[in-house]
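This report refers to the structure that appears directly beneath it.
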Amino acid sequence: MVLNKVTYKINAYKIKEEFIPKEVHFYRIKSFVNEAFNFYRFVNFYGGMIINKKDKSFVLPYKVDNKVLKYKDGNNEIPIDIEYIKSLKLEYVKPEIAEKLVRGYLKSVHKIEPELSRIIKNIRKHKVVENIKVESYCEYEVKKHDGDYYLILNFRHTASITKHLWDFVNRDKALLEEYVGKKIIFKPNPKVRYTISLVDAPNPQKIEEIMSHIIKYYKWSEDMVKSTFGEIDYNQPIMYCEEILEPFAPQFCNLVFYMDELDSYILKELQSYWRLSNENKGKIINEIAKKLRFIDNTPKELEFMKFNNTPLLVKDVNKNPTKIYSTNTLFTWIYNQNAKIYLPYDVPEIIRNKNLLTYILIDEEIKDELKAIKDKVNKMFRNYNKIANKTELPKFNYANRWKYFSTDDIRGIIKEIKSEFNDEICFALIIGKEKYKDNDYYEILKKQLFDLKIISQNILWENWRKDDKGYMTNNLLIQIMGKLGIKYFILDSKTPYDYIMGLDTGLGIFGNHRVGGCTVVYDSEGKIRRIQPIETPAPGERLHLPYVIEYLENKANIDMENKNILFLRDGFIQNSERNDLKEISKELNSNIEVISIRKNNKYKVFTSDYRIGSVFGNDGIFLPHKTPFGSNPVKLSTWLRFNCGNEEGLKINESIMQLLYDLTKMNYSALYGEGRYLRIPAPIHYADKFVKALGKNWKIDEELLKHGFLYFI
């Protein structure tokens, strides 16, 4: 495979030698600690890493002269006796451990975080719209690349109420208690969100300690504290949060929220502040870097591979395979009689040549538009059904099934449909008036319809009525096809894997057991084979990959023997899983590979280009798509192979990145032109969507999932 190469700058800056430790030092906790002692939190506070949980050994990026370290446990400061084990030159430490120790060195010894906080506040002023404030905060990590250590530097945004929390609740403790369970930020460090768990009695001494911490650690002056928070109220209650033991004072905190909770006008105004092109974001990051003393201020230039725009396969009217390079013209024949007709590559047997009972559900607030709505629906379904009659596609039988519904009376329309329902797979097209505040404006209606085995798709009339060129109609049809399990296209060439599986974990209810996650199984053609919920052995238990493999083979009857299998997952392989995976690969005589794909990461590429990928250190930087306001790359952090009882770490390369790019095209829920495919490969994208649907209490229909129906999208 030959890929073109391009060069772009990324947000990586070489760390100066004087800010990198020469040696690291190993210690062990000597004294007894109680069961409440949080070993991870203790080591992380001092910028180190755990080596062995059992014998309480850890490593620090600096030498400790005093053999007693302090551990804060609520109100108490506990002395922890430690003993020295050995020292080791940093160059002899594994890169993934060394990176974290260099980060800990910058954090604990050189106090990089308060310095970044001061710099970003000077460079990027906050924005206020009505009572909502958006401000920027920095984040960072350390990566080793070609023998040098680099600081990966980025900034994000957080939105909060302008008033501090104590004023927001009108200095009323009872009202503050109503916000237990809500998210807050600690004003001097807005990048971390905390969840209020307890509102306690006032404690002036703790208020003084919090103030002292702000002044000493974050380098705020007393005048800055007063100008930001006003006169300090020493009689305010103390709060505790789920994430850490330290107390909080509401006067130093702000209530935060999610973007979908905002009024649309406020959201639009704030988006103009935080939606930046990659080039503009790069300029701001460079400004921050120039003021940071730990690094060279020139960003790293990196060579990227430009992925090939490989074709997809559909079928022509003679059912012969034909190539396409984008999917946005698949249904042009609905509106243009001269357009080429494309047929799907695979139709599930359970709906093949079926007449689907179809309901047209119209929001009663747009009943005056009935004539125009009927024209749109008739044109789409009549033209579609003409073609479907000559193929294996299902037909939509919607005659005399036009109904009005009210969003205030979902029960009424469900009751009406239920009275004439025949217990077969049906379809409903929901035509709505407007987008309501909840994420999916007709989610309740769609879920209740699906309880009756009616798969549905919604569209806003306000948008559809303006669709003169048929783009929205085309998109609507592919969404309907995907929900009905129709695989309209496949990859042009087979992959080297028998199965490519996307794995995501989460919470949901399945039967009488807790569902721990979902695996979406694609075959070698890039086609969805099935969607499989995974039950956990016990409620709340984390899913381990070896258990998932056994579950797929034993409970889901997927043949895993003598196969070449690729797992894509959003998360790391735990050490405890590795030995089991080696054993399973030996028992099954199968090659099992796992790639960790991280959507949330700190990398930024200073370009609007897309369809590109590179390797930095041991990370893959993967940027398959574009957006109008700056695309975030995906990080490929680990690629492991388990074969015949052996484990091998693989290096991210051109071939695997090209395959992952090809899989971003396998989007059965939207039509896009080149460059507007999925951000992550389809198997893990749909696994994530299914887990989110479980969290919203969508019903699980195993029969439909076996055929790859995306009814939950």
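Glycine too: its Cβ is placed from the backbone N, Cα and C atoms.
Per Swiss-Prot, the listed range annotated as region 'Binds 5'-phosphorylated end of gDNA' is 457-460 (candidates: 193-196, 457-460, 501-504, 649-652). Per Swiss-Prot, the stretch carrying the note region 'Binds 3'-end of gDNA' among 147-152, 213-218, 639-644, 657-662 is 213-218. Take the CB of Asp570 (Mn(2+) 1 binding site) and look out to 10 A: across all protein chains shown you find 19 other CB atoms. Counting every protein chain shown, the Cβ of Tyr194 (site 'Interacts with 3'-end of gDNA') has 20 other Cβ atoms within 10 Å. In the predicted model, the region 'Binds 5'-phosphorylated end of gDNA' (625-632) has a mean pLDDT of 78. Using a Cβ-Cβ cut-off under 8 Å and counting only residues 6 or more beyond its ends in the same chain, the region 'Binds 5'-phosphorylated end of gDNA' (625-632) has close neighbours at 275-278, 280-281, 599, 601, 603-604, 608-611, 664, 675-679. Checking each of the recorded sites His157, Lys191, Tyr194 against Gln479 (site 'Interacts with gDNA') by C-alpha distance, the shortest gap belongs to His157. Of all the recorded positions given, namely Lys191, Tyr217, Asp504, Asp570, Ser669, Asp688, those whose Cα is no farther than the 10 Å limit from the Cα of His157 (site 'Interacts with gDNA') are Lys191. Looking only at other Cβ atoms within 10 Å, the busiest spot among the recorded positions Asp504, Asp688 turns out to be Asp504.
Counting only the Cα atoms, the space from Tyr217 (site 'Interacts with gDNA') to Asp688 (active site) is about 39 angstrom.
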